[in-house]
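**Student:** Here it is, the structure in full.
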There are 2 protein chains.
Amino acid sequence: MSTAHDTSARRDPSITAGHDGTAPRTPYLILDLAAVRARYRLLSSLVPGARIHYAVKANPAPQVIATLVRAGSCFDVASRPEIELCLSAGARAEDISYGSTVKKCSDIAFAHENGVRRFAFDSLAELHKIAEYAPGADVFGRLRSDGQGSVFPLDGKFGSPAGLVADLLVEARRLGLNPVGVSFHVGSQQLDPYAWGPSIASTAEIFDKVAAAGIRLGVINLGGGLPGTYGPEVPPLAEYGRAIDECLERAFGANRPEVMIEPGRSMVADAGTLHSEVVLVSRRDGSAGARWVYLDVGRFGGLAETEGELIHYPMRTAHDGEPSAPVVLAGPTCDSADVLYRHHPYLLPESLRAGDRVQLLCTGAYTVSYSSVGFNGFGPLTCRCVDSPDAAGA
Amino acid sequence: MSTAHDTSARRDPSITAGHDGTAPRTPYLILDLAAVRARYRLLSSLVPGARIHYAVKANPAPQVIATLVRAGSCFDVASRPEIELCLSAGARAEDISYGSTVKKCSDIAFAHENGVRRFAFDSLAELHKIAEYAPGADVFGRLRSDGQGSVFPLDGKFGSPAGLVADLLVEARRLGLNPVGVSFHVGSQQLDPYAWGPSIASTAEIFDKVAAAGIRLGVINLGGGLPGTYGPEVPPLAEYGRAIDECLERAFGANRPEVMIEPGRSMVADAGTLHSEVVLVSRRDGSAGARWVYLDVGRFGGLAETEGELIHYPMRTAHDGEPSAPVVLAGPTCDSADVLYRHHPYLLPESLRAGDRVQLLCTGAYTVSYSSVGFNGFGPLTCRCVDSPDAAGA
């Protein structure tokens, strides 16, 4: 994977192909399936014995799903179309977990009829829906997490306090369901490897409380949160593995339950490169004013996660290494919200001109599926998957 | 058009159709073409002599464009696909204005080859592109506006100071282009009818300054900003007409130039009703905690403009009139950003349950085209256009 400081851009023909008209029309995402496979192997060895459920929402390209089916992954889905996608890519229904706690009755019924066994809930109302439309299903109670330390905390939208989760798991049994465990989510792009600790400890307490009611839970679902490698502030994945293992050991000792993890971003982010083109470079307030660089991709064409400037994608241009200066970076639409980076200090080469290519790295997650159907007439971001044989011994 | 206080919901069969399985699957937008025609007539008479250029980005449904072509409208476009859309709906190329100041060279060339005459710019770099790829074209210099008083100010993304606009219009002539006038945009959903005043005055100064260089400009493009009727805070359209006419009179007197206006939101917002369904109602912090209502449509399925809670759509349910209480309103995805209203005090009936229909009114603008291709597996919002004969004498 190239980094922001990689100077190989000059040797990469794709980055200088903007002017001659022969390269494909930008913007588009190139996703490297070999990188996804390598990441799957790394994530599989992170927490001993953990089952990987890829969070499909991060990048639902059929080739990604098929690649992960072949690698042995399970899946976490948020909707009926994601179930259909996984099944059509060869996944087994029993390897699919319906992790959303907000599901239409008809979608629960669809999942149940097609063999999906695992469902999550965080409220009594959802539990009743599952009991009616997926009778006898395995259910997870979702514990609230404050998401501290993450770039995108979930902020109260999902999960219940531990006491309520325990009560609902007992109620689940009464409703004829099979309570199997607890799930939570510590927030997307979590930068603190120990962030899982408090929720793991609460889960152990829920296990004990529910056991007192005669129910033996067997699964802890650690959810998502593992990071993409956007910059040097991101700890190495191995640190997450060690921290999570330590927290599990402390909370469960020799009675460690089955462990699920649901990486989405971490599985695909680093494998993607978004190819874009400069549409305009302008300075409209004299030489002391801001230099605006407008790309042909913006917040509505796939870069929705630049909202609030929380994710900083590394960039490459064919002019890297030449004198650079600050820019305001914006998308191509007439929308005022379509500004990518105004406050985060991006430096780009002063020689950058309309027609030059710009590559945004680590863009494999939460880009293609976020893009609009055609805001301002600009069509959705396309994703082209490329593959190469895995390196020997990898 | 129904309002938030309309109690006719109980007599409207579409709003109680959620449970029986016979109604079309939500979410979807119903757009009333007769309401669009009526609005076009109203907008046409707002500023005497003004030419209406519908801002296609607000709702690019082909039936909307065709309806406006038949009504006599011109169009403002932001991209090549929007030009193709207008031409295929029967618009004449000379009635299309390419109002974006950020255009790819290849798209400028496409527009020029297809007969589009009017192009906007706000920088020397863009002017050079237009001169090369659309030689001899009519050009507008875009003046910066601070957008004060609007819900969505454009915030420096577009437009240049008056002095630079004047210089660039003179330079345009030198480059073989035909400088015809000045455009600006006072910010979307502008709530101050007098907000156009300062930019109209600056435009008159630019006209004078450029005249001193021997160039006679003839067109002022007042841009967008006219409102949708989301709530009682929105002044009646007639007040805008009077205020703008007064500002034009003050700035130009008897020498009033040709006037263009580019309503987008104001043309289609009130004509749309978004039909959605409650997926879950939950209270996860005991009886004193917040009541969360999750709809099957959210920020990634068409309601992007709820970002920052700046637009407050009126809502109707079949339970309107029953005791109501505050809610947090969220969309169906697993994304933490997919919360529609957390701070704005929405009251919804306490009897609201999963499966109930909720209609969001005034949703004809900036919904369908903003929706994602399929985030979390949820497909894009569909738009169904309905029509009825215009009322006699309307």
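Here the Cβ of each residue, glycine as well, is placed from N, Cα and C on the backbone.
Just so you know, TrEMBL annotations are computer predictions that nobody has curated.
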**Student:** Which one of B:1-20, B:141-160 shows up in TrEMBL as region 'Disordered'?
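**Tutor:** Spelled out, TrEMBL records region 'Disordered' over residues B:1-20, not the other listed ranges.
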**Student:** Tell me the Cβ neighbour count for B:CYS334 (active site, proton donor), meaning other Cβ atoms within 10 Å of its Cβ, over all protein chains shown.
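**Tutor:** Around B:CYS334 (active site, proton donor), other Cβ atoms within 10 Å: 25.
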**Student:** According to DSSP, which kind of secondary structure is B:CYS334 (active site, proton donor) found in, if we only use helix, strand and coil?
**Tutor:** coil
**Student:** Excluding near sequence neighbours, so keeping only residues 6 or more apart in the same chain, what lies with its CB under 8 A of B:LYS57 (N6-(pyridoxal phosphate)lysine)?
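**Tutor:** B:ALA78, B:GLU82, B:GLY264, B:TYR366, B:SER369 - these are the non-local Cβ neighbours of B:LYS57 (N6-(pyridoxal phosphate)lysine), listed in sequence order.
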